[in-house]
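Worksheet: the structure to be examined is printed underneath.
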Amino acid sequence: MISVTDIRRAFLDNECHTITKAFGYLHEDKAIALIKIGFHPTYLPKVLYNNVVEFVPEKLYLFKPRTVAPLDLISTITKLKNVDKFASHINYHKNSILITGDKSLIVKCMPYMIISDDDIRFIREQFVGTNSIEYILSFINKESIYRMSYQFSENEIVTIINRDHFMYEPIYEHQVLDSDFLKTMLDRYGIVPINSGIIDELCPEAIIEILMAVVRPRDAIRFLDIVNKNQLTEDSVKNYIINDIRRGKIDYYIPYVEDFLEDRTEDLGIYANIFFEDAIDITKLDITKTELEHISKYMNYYTTYIDHIVNIILQNNYIDILASIIDYVQDVLTEELCIRIVCESTNPVPVTSLPIHSTLVMVMCIQMKYVDIVEFLDEIDIDTLIEKGADPITEYTFTTRWYNKHNDLITLYIKKYGFCPMMMKRLMFEYPLTKEASDHLLKTMDENRGAIMFFPRTICTLPYLLCCNYKLIQKPIPFKEENRNIVYKKNNRVLCFDSLENSAFKSLIKIDSIPGLKTYNMKDITYEKSNNIICVRFIPQESIHNEERRIKLQLFDIARLASYGLYYIPSRYLSSWTPVVNMIEGREYTNPQKIECLVILDLFSEEFIEYQNLGNAVSNKYELEYTISNYQAAINCLMSTLLIYLVLGSIRSISRTENFVLSILNIFYKGLKINELLSEPVSGVCIELNKIKDRASSGDSSFIFLKKNELSKTLSLCEKVCVETILDNNQSFKSSK
């Protein structure tokens, strides 16, 4: 349980109405300790500034921009890849950032700065050369474009749009463009020429051709707004738009229809009532299912005919359509119809729109995995919800007032997330708790210290363990005396590094000192410094030609190196998958969407990071919003690596999948020197891996896309292995398992 004793004391002693207010009364040391673990309000008092700068500078965004010193800001954001949280601070200190002349820093900050014409002139003076200014300007934001008079070149426009497609909108509003360029952009990028530069090129045929390319209602409305009215009255244009409306593109043409099609209501058919009040008696029409689907969004224009529409829906069993207009048909909904809507409609309906909140309807919602089950609390007590297997604690619940209405819901939240700084921060500092609800929350947490509320199941889950202050054991790397009497052949390789402090060089030297590695392809390493360059010479290891054996031994090496504090980041296979982040934020995670490479490649020293630098390295590699701990980053590395070697290894394996999986797990444990044996069957894992293997074998792609939850059993296995790794590294905790 997160310790809130000091916060509770401050809350009571100072008669605070919010927990945020109480946080401001904490002693600085106590406050900084909580800030370090990510447990803090959405803003901090000035008194904590110096301590935050010293101990957790990445949290400077919690102060108002004017409070943050420019040098402190620049020093901090220079080290971070993801600076989204500093957006207002970056813009506030724009001049200080531009004056640095640091191109990479300016590029990083461009999306957040409101750039003026004077700023562009300054940047041009700082960075001479067309390519430099074009590259820097490609990161500009739309707010800047709306405020400047600078005219972008066509090359600059293409570069900007290549980086962010939707930047076409402010650019096209900003300046008149050549018609040939506009046509090219339409053909190449599908960008509608909403620019006065196209007006002279328009004719009815061109207007229709452009409308055929429109994919956003806003673009259609804005394009028609610049077209000459005489051309909009052409019959060919009218006929095309009427047909487009009948195809369901209603939002695209609402202003146009009201201005130009008042005399064509009969041609519009059932859709006419959307634009003109009760223009058509729809009871005289033969209404199709497609038309009902199209008008369901606009049911407020058909209230006169609701009974007629409902009769058609029920006669034809169109439950999906009934669900889409549920707020207009409350009087006809029985318990049976509510259950049918819940079970048969493609999209979930809001629980608040279901007029009957019976236990049976609730059970059906639970089975269909509704996220707003909490709304049944208006009729059903929380114990019944839990008894029936409901989880009323979801993202949706934060959008309601239920936490202030039910103290039992807060208690349930604490049982689920009381160990998690991120999730408790959301409820305590970001949700508008009343004074009474805040008091209950602090009292419950303070009176249930330790892990008492999380026994017996939660304490052995990976999300719980990731939020605890545990460590992974690092064996000391043995000293290896350098051998200078090695005879190198001419074809032996040489690697060069810029300094002895280069992280890849340091990893290489440490790897060379670790005994028992099987596949690392460098041996007999020596190095010397020459002209400020570090030259490393080595003899390549002999290749292992048996692919399955190579994969297994390589995983052993990765695990062995991890046991010595050198961790492998498999980002070349998984470019954006960070399951640990989801877990520490209390969110569900699924398998990665894509594995970038289907071949297990050789290992290189630059892919291994020392444990003490791992949190920063992983956070920057994946451009996270905040820096995770070294411990959390290590588990992310181990889990990702194990998943990759299970999936890609099984694709390459010629053994029975079950034998391969068990072998991989044993090798992984052996490399980490963990005395564990898997006690559960892996048949479900094998089924998943075999499906992936069949799919990969039938294609010739160098990568593979994965469906959501396609590897749920495999992920569960990886999670359990990580749990065993943590427990083995923290024996005192393991005894409570």
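Cβ atoms are placed via backbone N, Cα and C, with glycine included.
For Cys496-Cys535, the entry in Swiss-Prot reads disulfide bond, with the evidence type experimental evidence. Under 8 Å, Cβ to Cβ, and six or more positions away along its own chain, Cys496 (disulfide bond) finds Ile533, Ile534, Cys535, Val536.
Taking the Cβ of Met1 (N-acetylmethionine) as centre and 10 Å as the limit, one finds 18 other Cβ atoms among all the protein chains shown. Annotation comment: Swiss-Prot describes Met1 as N-acetylmethionine.
There are 14 other CB atoms within 10 A of the CB of Cys535 (disulfide bond), with all protein chains counted. Following the DSSP three-state reduction, the secondary structure of Met1 (N-acetylmethionine) is coil.
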